[in-house]
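What Swiss-Prot records for 1-15, 65-98, 149-183, 240-254 is topological domain 'Extracellular'. Per Swiss-Prot, the feature transmembrane segment maps to 16-36, 44-64, 99-119, 128-148, 184-206, 219-239, 255-275. The topological domain 'Cytoplasmic' annotation in Swiss-Prot covers 37-43, 120-127, 207-218, 276-319, and the record cites sequence analysis as its basis. What Swiss-Prot lists as disulfide bond is Cys84-Cys165, and the listing cites sequence analysis.
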Amino acid sequence: MDTSFFPGNHWLFFSVDLLVFLVGLPLNVMALVVFVNKLRRRPVAVDLLLLNLTISDLLLLLFLPFRIVEAACGMKWILPFIFCPLSGFLFFTTIYLTSLFLMTVSIERFLSVAYPLWYKTRPRLAQAGLVSGICWFLASAHCSVIYVTEYWGNATYSQGTNGTCYLEFREDQLAILLPVRLEMAVVLFMVPLCITSYCYSRLVWILSQGASRRRRKRVMGLLVATLLIFFVCFGPYNMSHVVGYVRGESPTWRSYVLLLSTLNSCIDPLVFYFSSSKFQADFHQLLSRLIRACVPWTQEVSLELKVKNGEEPSKECPS
């Protein structure tokens, strides 16, 4: 990797990955709790799809510490090499799972509004489970190229190129990698983007004919969050695939726009939040419980500190 592209660039990677981990992990854990409880009470297809998206985000976040360690070490891979392709495989798989599941959610939302009677007569939950399995298969099958690339040409390869992990590539590796990246940009990004854009544009038009203001506002929030993920988080990264294929090389700036892709695990909870009013209510309820659980503990600690310092605890609230 060209370290002259950004002075001290590994600290940029370290800071962004650490921030995403600290913000995204608690948000997605809370979303996981909400969706599990919702599915236990009343299973709905869209909630099953969003649950899979949450699990995908959590996988990315749980393996993000590997990238944090890598960045702290100057973008050199010091961990056992077996974790290099594994962390890369899970990292990129979850990125493309996001685009696929956002597409399926948009289709589900569109069908429920455009064809409500037909929608209610279909076994949506079973279909959602099947679609989820297909999404996991498509994303993981495409991203398995990471294993092919890292071990290509030498079955006993014990370290990446120049001691890095999936950052620098030999010519024989690029010959395999670049065409697959182009296909991923088309199949796993551009196609989902087109389908998602169509579904939400139609959904907004239908709701503009007579839906309540609150429902229109929720759908617009869902639309903005979804398009933000596609265009800001995933757009520049997938454009690097097209540029790399045309130029016959892995662009130097690819790793930097990849940072934007990691932000999706922090933005996805916005999609969850605007997905339904029931999720908003359950999320607020869970958040209130957490706050109530933490506040007495902080008050108790504060009281103990006052006693230790010889101060008399206040019995009245200030007016």
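Keep in mind that glycine also has a Cβ here, set from the backbone N, Cα and C atoms.
Since we're looking at a predicted model, the values are computed, not measured.
Counted over residue pairs 6 or more apart, the CB atoms of the transmembrane segment (128-148) and the transmembrane segment (44-64) come under 8 Å in at least three pairs, which marks the two as touching.
Secondary structure at Cys165 (disulfide bond), as computed by DSSP, is coil.
Beyond the transmembrane segment (184-206), the same-chain residues lying 6 or more positions past its ends with a Cβ under 8 Å from any Cβ of the stretch are 96, 99-100, 102-103, 106-107, 109-110, 113-114, 138-139, 142-143, 216, 219-220, 222-223, 226-227, 230, 234, 238-239, 241-242. Counting same-chain residues at least six beyond the ends of the topological domain 'Cytoplasmic' (120-127), those with a Cβ under 8 angstroms from any Cβ of the stretch are 43-45, 48, 108.
Long-range Cβ contacts of the transmembrane segment (44-64) within its own chain (Cβ-Cβ under 8 Å, at least 6 residues beyond either end) map to 17, 20-21, 24-25, 28-29, 31-32, 35-36, 38, 86-87, 90-91, 93-95, 97-98, 101-102, 104-105, 108-109, 112, 124-125, 127-129, 131-132, 135-136, 262, 264-265, 268, 271-272, 275-276.
The highest tally of CB pairs under 8 A with the transmembrane segment (99-119), across 16-36, 219-239, 255-275, is held by 219-239.
Taken together, the residues of the topological domain 'Extracellular' (1-15) have an average pLDDT of 66. Sorting the topological domain 'Cytoplasmic' (120-127) by DSSP state (H, G, I as helix; E, B as strand; all else coil) yields 5 helix, 0 strand, 3 coil.
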